[in-house]
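Undergrad: So Swiss-Prot has the following annotated:
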- 57, 270: fatty acid 16:0 binding site (BINDING)
- 255: cysteine sulfenic acid (-SOH) (MOD_RES)
- 11-103: repeat 'Solcar 1' (REPEAT)
- 1-10: topological domain 'Mitochondrial intermembrane' (TOPO_DOM)
- 34-74: topological domain 'Mitochondrial matrix' (TOPO_DOM)
- 98-117: topological domain 'Mitochondrial intermembrane' (TOPO_DOM)
- 135-179: topological domain 'Mitochondrial matrix' (TOPO_DOM)
- 197-213: topological domain 'Mitochondrial intermembrane' (TOPO_DOM)
- 234-267: topological domain 'Mitochondrial matrix' (TOPO_DOM)
- 291-308: topological domain 'Mitochondrial intermembrane' (TOPO_DOM)
- 11-33: transmembrane segment (TRANSMEM)
- 75-97: transmembrane segment (TRANSMEM)
- 118-134: transmembrane segment (TRANSMEM)
- 180-196: transmembrane segment (TRANSMEM)
- 214-233: transmembrane segment (TRANSMEM)
- 268-290: transmembrane segment (TRANSMEM)
């Protein structure tokens, strides 16, 4: 990513980037979690058409229905797993992006190429999926389950979800849907980081906007929309497959085929609006906070170094 416009602030270190990415991602997750819960509920709806339960309509309608029938706190069901996911996953995939990009471009004296940026996004996206997958499985299942009186929840809490999954599905149950999540996160990581990076760089270099909050907002919002559009079909299949009981879908492709046959192509874009609202707002909050936090941490470090 392009360097900060404030010349007196030293470039952020790798640890500062990782810490800033983790903290920013956690903040973004806390703020946007109800939207993510609405997205998951809309995506799994239709999986079992005859099952008893509330029917959800639209983003705000889903949020209102969950809050009314299950209580407002249910919108944050699975938040501990979500925070754990951001700490173990987002901190590394975003925090290491610049470092990996610099590694791929080490033999050149010119700025990083588009190929370098894509390669960095691919690598950080792939590696961190395996680290964060258990938290993703627990998060999705906690968000998908309803606590209405006629539906017995599968899990009493996030840590109970980890325990029950290992007990009933084996240790590898925590990595269910890894191949799908790998595909999804490679798409998300490359699109989000590369679009943000390229657009931000273009805006600054062409003197359209300074390297500050308005520039970060525009670049992040554009990256969020592009990411949602490309990742939505994989995201829906991933959510359905991860949330399904053992044996319900023999394979990932069986889940996708079942959706296509029973619900049509539109099923692959279920929850698109909440996906964009969530991913778009998450991307904006994360990147704007990330950019500012990096600067402030380096300023603080510079002040401490000067004082000593």
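The chain as shown is numbered from 1 upward.
Cβ atoms are placed via backbone N, Cα and C, with glycine included.
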Undergrad: Which one of these stretches, 11-33, 180-196, 268-290, has the most C-beta pairs shorter than 8 Å to the transmembrane segment (214-233)?
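TA: Checked against 11-33, 180-196, 268-290; highest Cβ contact count belongs to 268-290.
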Undergrad: In the same chain, which residue numbers or ranges, 6 or more beyond the ends of the topological domain 'Mitochondrial matrix' (234-267), come under 8 angstroms Cβ to Cβ?
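TA: Same-chain contacts beyond the flanks: 40, 43-44, 46-47, 49, 136-137, 140-141, 144, 168-169, 173, 176-177, 179-181, 183-184, 187, 275.
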Undergrad: Report yes or no: does the transmembrane segment (118-134) come within contact of the transmembrane segment (180-196), defined as 3 or more CB pairs under 8 Å with a sequence separation of 6 or more?
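TA: The transmembrane segment (180-196) and the transmembrane segment (118-134): touching, yes.
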Undergrad: Between the Cα atoms of residue 255 (cysteine sulfenic acid (-SOH)) and residue 270 (fatty acid 16:0 binding site), find the distance and write it as a whole number of Å.
TA: 15
Undergrad: Per DSSP, how many helix, strand and coil residues does the topological domain 'Mitochondrial matrix' (234-267) have?
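TA: The topological domain 'Mitochondrial matrix' (234-267) comes out at 25 helix, 0 strand, 9 coil.
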Undergrad: Mind checking which residues reach the topological domain 'Mitochondrial intermembrane' (98-117)? Cβ under 8 Å, same chain, six or more beyond either end.
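TA: Those are 1, 14, 17, 123-124, 193-194, 197-198, in sequence order.
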Undergrad: Just name the most isolated of the binding-site residues 57, 270, going by other Cβ atoms within 10 Å of its Cβ.
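TA: Counting other Cβ atoms within 10 Å of each of the binding-site residues 57, 270, the minimum falls on 57.
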